[in-house]
Amino acid sequence: MEETLSNLQTYGYIALFIYSMGGGFIGLVAASILSALGKLDLTLCIIIACCGNIVGSTLLAYLSRYQKQDFMRYLAKHKRKIALAHLYLRRYGVGLIFINKYIYGFKTILPLAIGLSSYSLKKFILFNALACMFWAVGIGICAYLLSDWVKDIFEKLQSYPYVMPAFLVILIGGIYAILKIGERRK
């Protein structure tokens, strides 16, 4: 266990940067929780996650702008989503760049749509950088503050060892039931 924490302190920042390039927030939440435990630095985690997200989104927009033919082969199944992203971009403008960080599945489509459109890359990079800062600070601080609350809950649950397995069984059963109901509707 001690070796794992030592590796996290050594390679955690690199993993956070790479994970944040894909737009995922779970890495930032985990890093913030480790910061609350004193294993990582919160400010550095927020800065690294922000930089990773900026690089990832900008790279997607840039590559889709200048490598359209290569990207269009992979995006053939997603033409409807990209067209919808174009419409949303016209309707909501810059606000959409700020909101897209919190919408699962859309945070990848919007930079691709911007790259494929005539939208200014400089404008996108500027507003994307601001959106990434708000995203990283918001998620990082919330996870850091809530980590004490979660730690208290786990400490209380240690006196009732049967609660956690029961909770996991109920959670997995609930997810399975929801997926089965979704399959029937199709």
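The backbone N, Cα and C atoms fix where each Cβ goes, and this holds for glycine too.
Positions annotated as transmembrane segment by TrEMBL: 12-37 (among others).
Long-range contacts of the transmembrane segment (44-63) within its own chain (CB-CB distance under 8 A, at least 6 residues past either end) are made by residues 13, 16-23, 27-28, 31-32, 34-35, 71, 101, 107-108, 111-112, 114-115, 121, 124-125, 128-129, 132-133, 135-137, 139-141. Taken from TrEMBL, the feature transmembrane segment applies to 44-63 (among others).
Feature annotation from TrEMBL assigns transmembrane segment to 83-103 (among others). Beyond the transmembrane segment (83-103), the same-chain residues lying 6 or more positions past its ends with a Cβ under 8 Å from any Cβ of the stretch are 23, 53, 109-110, 112-114, 117, 119, 123-124, 127-128, 130-132, 134-135.
TrEMBL lists 124-147 (among others) with the feature transmembrane segment. For the transmembrane segment (124-147), same-chain residues at least 6 beyond its ends with a Cβ under 8 Å from one of its own Cβ atoms are 20, 25, 28-29, 31-33, 35-37, 42, 45-47, 49-50, 53-54, 57-58, 61, 94, 97-98, 100-102, 111, 114.
Per TrEMBL, the feature transmembrane segment maps to 159-179 (among others).
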